[in-house]
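Swiss-Prot annotations:
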BINDING   Val26, Asp27, Tyr28, Asn29, Gln42, Arg43, Ser66, His67, Gly69, Arg70, Leu125, Arg126, His173, Arg174  (2R)-3-phosphoglycerate binding site
MOD_RES   Tyr199  phosphotyrosine
MOD_RES   Ser206  phosphoserine
BINDING   Gly217, Asp222, Gly241, Gly341, Phe346  CDP binding site
BINDING   Ala218, Asp222, Asp378  Mg(2+) binding site
MOD_RES   Ser393  phosphoserine
Amino acid sequence: MSSNKIGNKLSLDKVDVKGKRVLIRVDYNVPLDKNNNITSTQRIDASIPTLEYCLKNGAKSIVLMSHLGRPDGLVKPEYSLKPVVKVLEDQLKRPIKFLSDCVGEQVEKECANPEEGTVILLENLRFHIEEEGSGVDAEGKKVKANPEKVKEFRESLTKLGDVYVNDAFGTAHRAHSSMVGINLPQKAAGFLMKKELEYFAKALESPSKPFLAILGGAKVSDKIKLIENLLYKVDEMIIGGGMAFTFKKFIDNKEIGSSLFEKTAEQITKDIIAKAAKNNVKLHFPVDYVIADKFDNDANIKTVTQDQGIPEGWMGLDCGPETIKENRDTISRAKTIVWNGPMGVFEKSNFEAGTKAAMDDVVNATTNGAITIIGGGDTATCAAKYNTEDKVSHVSTGGGASLELLEGKELPGVTALSDL
C-alpha cells in the first residue's frame, strides 16, 4: 500500500531541474467576468513559488498546462487561458509565450529547444476531448474519446518536457490525461501539491491526539463516506450545519419544524451512531438553534433549545449560544483539527455566528499549537470571508480532492507521482 501513502511522494525540491524543460500541470481554472477579466488571481498566485524555484535553479524552460471551465472537448474562445498571460508576466517579471494549442506538431516544435529561461503557457487542455476522456460534440451530444487518440494526446504532452511537476491538487481526484498520462521518468509534486499532501498526511497518517473533525453542510448522504472514514481516525466529531437536524429527528426524535431533513437517511444516521460508539468516538450535536420563519436575512428570528424544539413553519439556520460554548470546549482540547462544512447559513449575517465562532476557536487552537486543516469548498470560503487563511495551519485549495482524500479514496493524480 505504501505507494499510495500520500506522505512519501517525490517533490520538486528533490529534483535537479538545471538545464531541463519542466512541464507543470497547474490549476489556472480562474473565475472570469463577462469581459474575460480575471476576478481572482488566487490560483495563479499560489503557483508562483513553484515556477520561481524552477527558474532560480536553472530550468531551461517551463511549460504550463491547465484547464479552465468546462468546454467539454470543444474549442470555446470564452474559456481561453490567454487572460492569464498578463497576470503571469506581472508576477514573474518576464515575457510569457502563449501557444494557441496544447498538443500537436507546432506545439512540440515550440517546446523542443526553447531559449534558456523561457516560460510557455499552453492553451486550455479541455479544448481536446482527450484530456477528460469524454465531452460533447458540436450538436451537444455526449461522446467518448477514441482510446488511440487519447494515447496520442498523452504522448504529445509528454514530449513537451523532461521533468513533470503536478501542482494542481484541485484536480488530483480526476484521472485526466494531464494528471495521470505524462510518461516522464520523474513525476514530482510542486510546492502547492506538496503542502496539501504534507498536511493531509499529518492528519490521516500520523495525527497528534486528540483528533477532532468538524463536519457541517446540508446532507448526511453527501458526507456519509467522509463521516464513516473519519470515525476510524478521530477521537471526537462535531456534526453541525443542516445535516444535524436529520440526526436530531431520527436519534432523539426532536421537533425540527421545517428544517433541512433527509427522510431516507434513517438507517445511515443509526449506523453512524453505532459505529461511533464502537470506535469510542465522542459525537457532538447542536443543543440549541437560531431559527427563522423563512430562509431570509430579514426573517423573524429567535433562539430555541433542542428540548423546546423547532415549531412547524420555522427552520434552524444556525447553532445557538450554548452549542457555540460546547463547541469551543471541544475545539480547545484538540491537537489535530480537520474542518469540512459550515455550522450554519454563514452567507447571511443573521446566521453566521456559529461558523464565525468555530473559526475563531480554530484560530485560537492553532495559536496554541494544534494542527488545523480547513477542507476546500465552503469552509475555504469562510476562511477567506473571515480573513483567517494565514491564521490556521492549512486551507486546502481543492474542494473535491480534499473531500475524497478525507473519505479515504485514492487520488489518481497523487498515485501517478513518483514514489520517494
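For all residues, glycine too, the Cβ spot is worked out from N, Cα and C.
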Starting from Gly241 (CDP binding site), work out which of the binding-site residues listed here (Ser66, His173, Ala218) have their Cα within 10 Å, and give them in sequence order.
Ala218
Among Gly217, Asp222, Gly241, Gly341, Phe346, which the record lists as binding CDP, how far apart in Å are the two most distant Cα atoms?
19
Can you check which residue among the binding-site residues Gly69, Gly217, Gly241, Gly341 has the largest number of Cβ atoms within 10 Å of its own?
Gly241
Out of Asp222, Asp378, which of the binding-site residues is least crowded by other Cβ atoms within 10 Å?
Asp222
Cβ neighbour count within 10 Å of Phe346 (CDP binding site):
25
Write out the long-range same-chain contacts of Ser393 (phosphoserine), meaning residues 6 or more apart in sequence whose Cβ is under 8 Å from its Cβ.
Tyr199, Thr366, Ala370, Ile371, Thr372, Ile373
List only the single closest residue to Tyr28 ((2R)-3-phosphoglycerate binding site), chosen from the recorded positions Ser206, Gly217, Ala218, Asp222, Asp378 by CA-CA distance.
Asp378
When DSSP states are folded down to helix, strand and coil, where does Ser393 (phosphoserine) land?
coil
In sequence order, which residues at least six apart in the same chain have a CB under 8 Å from the CB of Ser206 (phosphoserine)?
Gly7
Tell me which of the binding-site residues Ala218, Phe346, Asp378 ends up closest to Leu125 ((2R)-3-phosphoglycerate binding site) in space, Cα to Cα.
Asp378
Measure from the CA atom of Asp378 (Mg(2+) binding site) to the CA atom of Gly341 (CDP binding site) and give the result in Å, rounded to a whole number.
6
